[in-house]
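Here is the structure we will look at.
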Amino acid sequence: MLNLLNLFKKDRLWDFDGGIHPPEMKTQSNGTPLRHLPLPAQFVLPLKQHIGHEGEIGVRPGDQVLRGQPLTFGTGRMLPVHAPTSGTVSKIAPHMTAHPSALAEMCLFILPDGEDRWCEKRPLEDYRSVERSELVARVHQAGVAGLGGAGFPTASKLKGGLHGVNTLIINAAECEPYITADDRLMQDHAAEVLEGSRILAWILQAERVLIGIEDNKPEAIAALKKALGSATDLHIRVIPTKYPSGGAKQLTKILTGKEVPHGGRSTDIGVLMQNVGTAFAVKRAIIDGEPLTERVVTLTGESVAQPGNVWARLGTPISHLLQHAGFIPGAEQMVVMGGPLMGFTLPTLDVPVVKITNCILAPAASEMGQNEAEQGCIRCSACADACPAALLPQQLYWYSRGGDHDKARAHNIADCIECGACAYVCPSNIPLVQYYRQEKAEIQAIDLEAERAALAKNRFEARQQRLEREKAARSAKHQQAKRSVASSDAGAIAAARERVAARQAEGVSPENHADNSLQAAVQAQHEAEVRVHQADLQAANEPVTRQTLDPRKAAVEAAIARTKAKKAAQAAEASPTEAPQQSAPEDEPRKAAVAAAVARTKAKKAAQAAEASPTEAPQQSAPEDVPRKAAVAAAVARAKAKKAAQAAEASATEAPQQSAPEHDPRKAAVAAAVARAKAKKAAQAAEASATEAPLQPAPEDDPRKAAVAAAVARAKAKKAAQAAEASATEAPLQPAPEDDPRKAAVAAAVARAKAKKAAQAAEASATEAPLQPAPEDDPRKAAIAAAIARAKARKTQQPSMQED
């Protein structure tokens with residue numbers, strides 16, 4: 001008894017609410033076998049022929065392709081598109097595709113070469129010898145999608161049902177009027193359909209396979225039973241004819257008695273459904289190694305002279321199919337892609353065949369009836385009685401028409417399968433399906449925008465978090481750097497203190513200090529001389545901006561220059577004398593040497609500034625200056641030269657006085673030679689300054705003033721010579737410390753270098769003076785100047801000869 005109940009339950013069929021029984025009109029096309037059509041002049045292949053994203057293009061215009069060659073590639077829901085024949089890719093451009101909106105999409109255009117050559121195939125006879133994932137990958141690479149009308153990628157559907165599916169349903173109902181593509185396919189290729197069903201069952205590891213077919217297809221039922229024979233792995237279930245029994249949820253309810261939950265999928269209840277055409281395409285992809293390049297299309301309608309089913313290559317224009325079917329267009333002729341209830345009218349016949357194209361309907365005007373105008377809803381509830389999804393079409397109509405998206409969503413408009421049963425029974429001729437499709441599209445756009453906004457928000461928040469993390473990382477890095485620097489500074493300070501303590505404990509010899517101080521003094525003197533030389537060059541290159549000057553202003557500027565020179569000379573004289581008074585007996589020799597070098601540099605700069613200041617006034621003065629100003633300028637120049645010589649001699653004698661407490665004969669001799677050289681240079685500088693004044697233009701000089709100026713110059717030169725003699729004799733009297741010959745040699749070399757530089761400077765100053773213009777020189781003044789120069793030279797030579 002229990003076995004009889006199980007057998008009864010296994011063969012039992014259920015029913016769904018609603019549904020209609022429209023005229024079938026299938027006998028127009030199911031009586032002739034499948035036939036092939038010649039190739040069109042051009043193929044148009046849309047990149048997107050399925051639910052999902054379009055793949056990446058793998059060819060370029062001008063490429064030669066073979067049949068079955070992939071033109072695009074991708075993963076997941078990005079199904080590839082294959083070349084329907086061999087030929088050349090002519091272009092890649094937008095073109096109108098099979099969609100109710102008639103929008104243009106990106107398409108590949110192929111010009112066939114007529115050879116129809118296949119690419120290399122990869123057949124697999126024993127599919128049970130490979131992994132199931134490999135079979136799913138092959139299905140994806142073949143570009144197989146749902147051929148029943150939805151166009152969902154088959155590989156993605158199989159991958160989602162690899163676990164938990166115990167029932168596989170092969171949908172052979174084909175309930176919509178006029179369409180006979182699956183019917184004719186089962187009649188002509190029943191064995192291949194069953195083999196594809198077995199491959200799908202093997203991939204899913206399904207416990208049972210149910211083939212649901214309506215009872216209005218006796219030839220197809222007979223062909224399937226004949227091909228099945230005595231096999232028990234597949235079960236053929238003949239169901240009553242009722243529209244829309246071919247819907248996924250409706251057929252699942254009929255064969256299993258289970259209902260797919262709202263918002264869920266059939267896999268949630270352990271059921272997965274595939275179309276008859278999809279099973280045939282899977283067999284071709286696995287066993288034969290052929291990708292999806294063609295499908296069965298029904299050509300029917302009273303406007304077609306030769307209705308039937310044909311093998312149509314993907315990308316074939318609809319006009320090419322109708323042309324070979326004897327299409328006779330009438331007045332206001334319409335052509336529908338799909339059935340009369342779920343199809344849509346084509347905007348043009350250039351639309352290509354795609355993977356979801358199952359029927360081309362070209363009805364006559366009498367066949368479709370008159371196009372009656374839409375009227376107001378009378379609330380008859382006939383649409384609710386006919387709805388197979390148990391919805392409220394009337395309420396959905398009001399919400400869709402009023403744009404109330406929230407209410408439409410709340411009334412489960414997403415569960416509408418757009419079967420058209422409500423519109424078929426509506427007495428007011430309201431195109432309800434049109435409203436529902438538009439409302440679904442608007443809701444989808446709103447959801448997409450919300451998803452993009454959420455994604456943008458998440459990206460913004462992620463960016464903010466990343467910036468905060470980077471900021472915290474930088475702050476931590478800076479803190480670590482500060483700590484490391486502080487620790488390193490502390491270590492360096494401690495190490496320096498230890499070195500100082502060790503040096504103080506061990507003691508440092510004075511000889512090393514002397515060597516270091518001598519080197520530092522030489523370096524400081526060299527740097528000072530370089531700076532002075534650069535200053536001279538800069539002063540020489542500066543142009544004279546004032547061409548004319550008032551005599552009164554010239555006198556004022558000369559007085560200011562004399563005052564500045566006097567202060568500079570006093571500072572230079574005071575700087576070397578202060579150091580010995582302030583320095584303690586314990587000062588290091590290095591400090592004394594550095595102070596002496598600094599004093600010499602300052603004295604030299606002061607002397608150069610003094611020489612430059614009196615010479616500027618005569619250059620800037622007009623040729624109309626009086627002779628008295630020239631005499632005054634000469635006297636000022638001689639006075640500044642004398643002060644500069646005294647400062648140089650004082651700076652030269654200070655270093656030995658401070659750093660030589662004990663007498664050394666060799667150092668004394670070197671110091672004496674240095675003093676004589678400096679005295680000689682000072683005398684030469686005095687003579688040059690004395691001779692510069694007469695060379696300046698003095699058109700009306702007075703003999704008395706010239707004599708006075710000469711006497712003053714002789715007296716100053718005599719004082720300079722006496723000062724030089726005194727400085728030369730003082731050096732040997734100073735006690736010299738015990739020093740080694742190396743230091744003496746270094747000191748002598750330094751003295752010779754300084755003397756040489758001073759001589760060169762004196763020669764340069766002497767040669768520059770004659771170059772000055774003296775257009776109105778007096779012979780008497782020239783004679784007086786020559787006598788003064790000879791007297792000064794004689795006085796300078798006498799002390800030096802006595803010392804030698």
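Each position is counted from 1, following the chain as shown.
Including glycine, each Cβ sits where the backbone N, Cα and C put it.
If you check Swiss-Prot, you get these features:
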type: DOMAIN; residues: 366-397; note: domain '4Fe-4S ferredoxin-type 1'
type: BINDING; residues: CYS377, CYS380, CYS383, CYS426; note: [4Fe-4S] cluster 1 binding site
type: BINDING; residues: CYS387, CYS416, CYS419, CYS422; note: [4Fe-4S] cluster 2 binding site
type: REGION; residues: 466-532; note: region 'Disordered'
type: COMPBIAS; residues: 484-495; note: compositional bias 'Low complexity'
type: REGION; residues: 567-804; note: region 'Disordered'
type: COMPBIAS; residues: 567-582; note: compositional bias 'Low complexity'
type: COMPBIAS; residues: 592-619; note: compositional bias 'Low complexity'
type: COMPBIAS; residues: 629-660; note: compositional bias 'Low complexity'
type: COMPBIAS; residues: 668-693; note: compositional bias 'Low complexity'
type: COMPBIAS; residues: 706-731; note: compositional bias 'Low complexity'
type: COMPBIAS; residues: 744-769; note: compositional bias 'Low complexity'
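If you take the Cα of CYS387 ([4Fe-4S] cluster 2 binding site) and the Cα of CYS426 ([4Fe-4S] cluster 1 binding site), they are about 11 angstrom apart, rounded to a whole number. Closest to CYS380 ([4Fe-4S] cluster 1 binding site) by Cα-Cα distance, out of the binding-site residues CYS416, CYS419, CYS422, is CYS422. DSSP classifies CYS383 ([4Fe-4S] cluster 1 binding site) as helix under the three-state reduction.
Note: the Cα of CYS383 ([4Fe-4S] cluster 1 binding site) and the Cα of CYS422 ([4Fe-4S] cluster 2 binding site) are spaced 4 Å from each other.
Put simply, CYS419 ([4Fe-4S] cluster 2 binding site) is 13 Å from CYS426 ([4Fe-4S] cluster 1 binding site) when counted between their Cα atoms. A simple Cβ count within 10 Å picks out one of the binding-site residues CYS387, CYS422 as the most packed, and that one is CYS422.
Within the set of binding-site residues CYS416, CYS419, CYS422, the entry lying nearest in space to CYS377 ([4Fe-4S] cluster 1 binding site) is CYS422 (CA atoms). For CYS380 ([4Fe-4S] cluster 1 binding site), the number of other Cβ atoms no farther than 10 Å from its own Cβ, over all displayed protein chains, is 13. The average pLDDT the prediction assigns to the domain '4Fe-4S ferredoxin-type 1' (366-397) is 90. Taking the centre of the Cβ atoms of CYS387, CYS416, CYS419, CYS422 as the [4Fe-4S] cluster 2 site, the nearby residues of that chain (Cβ within 8 Å, site residues left out) are GLY18, CYS383, ALA386, PRO388, ALA389, LEU391, PRO393, ILE417, GLU418, GLY420, ALA421, LEU432, VAL433, TYR436. One residue stands out among the binding-site residues CYS377, CYS416, CYS419, CYS426 for having the most other Cβ atoms within 10 Å of its Cβ: CYS419. Residues CYS377, CYS380, CYS383, CYS426 make up the record's [4Fe-4S] cluster 1 site, and a Cβ search at 8 Å around their centroid adds ILE378, ARG379, SER381, ALA382, PRO393, GLN394, TYR397, CYS422, VAL425, PRO427, SER428, ILE430, LEU432 from the same chain.
For CYS383 ([4Fe-4S] cluster 1 binding site), the Cβ neighbour count at a 10 Å cut-off comes to 26, with all displayed protein chains included.
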